């Protein structure tokens, strides 16, 4: 079958900005169309230019005192303060990719940064026919250098709600991200009859006023985390009132989502945040029907609020059946969780505006606290699993998709992954100044590890240049010795046989209260168990429980996800069918945690099973002088 090719030119800057502020999608792109049974697959071409930019630049003029200035071409209002940003096409969020399942996506990424490399990961896409497009530097490709250009080229083989974002440095936290929505024809969309409109996308991120590189340096070298002070919704948000020179005060504009009474709306919600900021979301006077998580359908479930972690996506259906009015949509860092956004009481609002309602803010008060409700039904509660009967934890969800090979009673391979943190002090650090008793290494750092190993990227991409990698730089918990007592760092690789059923038992030993969201590239997995204990847990204790039959696995109807949390002092058990050969990254989705070693790579199959990269695919080099 021949493909209909559409070559799309970059739209004007003014149009880009207006789309960003009002609807945050690319309505003018030909690939944004109805997806029907007779829809011909298209080639969808996007030009991405990455550059340094700033919020509240001169383009914003008198924003917010003249609100129209907040919509000026080139204005990125954010929460009202100037901050250096990494933006694609000067948009926050970046350009949305809206296509039909089966479309070919071509993104030409031009790196206009002066000194930094970059890459893009297509979060949630399996890329079975193009694993070298996964966007992880030194795993699937070389980093894109300054002034460099790289073409991402793959077929959108999975329908659902996804996100693209940088997988380099701290760029995701400074704005290099955008939504990616892949729709399927109504005949193959079992949810189609549950909604009337599919037009609303929310991209959420935690937000600090300090540039990401500085946040990273302070955190890993002192342990003093610079916490987010607010949350942005589609790049917009109100924080403290902005004061003018004459003493008047105004809030920044917030995102607005328009509905018409009597219709049902599908909202696609994406958390692309970078810190420990689990967000609770709710609508005033409305409930939500949750129908999908991470792009995979579940049996619909009505809730009052949901908690969404970094990397997760949820699709919900909202019935517009209340009085024609304006209502707050509320977002906040989880109350009582001890997370970064709980400590700062970070919160945000957007407006749900019924057709015919005045264009004013809702009358209800804006605060961190949300209106109370009896018998509150909350999906994905913080730090809880199936041990809490009243909690709607992820394993209690039921997949709307058929069971697969993972439902067999015993997996082909069982892998334990433990994680916790390690403090390291520098060689000449005076121990009497710190209450730390750890090995001496190069510098004082706080490190997160998997199986007591700090992940280190190889010098060349494992997928495309394996012959350039020294075997002794690779390791895992079997080959790395004495890592409980000594500092171990390497390219952490775990092998799995192609087409095997792999079970991951992920254990958070619980010495710090974090709910790390872990993300697996190239796959969706079944979440078959999750439990939190009182206090800490050891791997040996968990193995003993398993031998005694005290761990309950849900093998039928388990939900499919690609990102999931592990409770502190608890475990989460996942299964996936290893039918996608290649090297696939597995990591904590908190940006800093992955950067400092909380990651590993799954090698699925052998090199003869891997797809070959395109001819003339870029290769990394090295230079060592001989004098």
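Here the Cβ of each residue, glycine as well, is placed from N, Cα and C on the backbone.
TrEMBL entries are annotated by machine, without manual review.
TrEMBL lists region 'Disordered' at one of the ranges 316-347, 348-379, 380-411, namely 380-411.
Sequence-remote contacts of a segment are chain residues at least 6 beyond its ends whose Cβ falls under 8 Å from one of its Cβ atoms, and for the region 'Disordered' (380-411) they are 190, 278, 293, 296-299, 301, 303, 306-309, 312, 334, 336-337, 339, 500-503, 513, 515, 525-533, 552, 554-561, 564-565, 567-568, 570, 572, 575-577.
Averaged across the domain 'Plastocyanin-like' (478-605), pLDDT for the predicted model comes to 91. Secondary structure of the domain 'Plastocyanin-like' (478-605) per DSSP (helix as H, G, I; strand as E, B; remaining residues coil): 14 helix, 56 strand, 58 coil.
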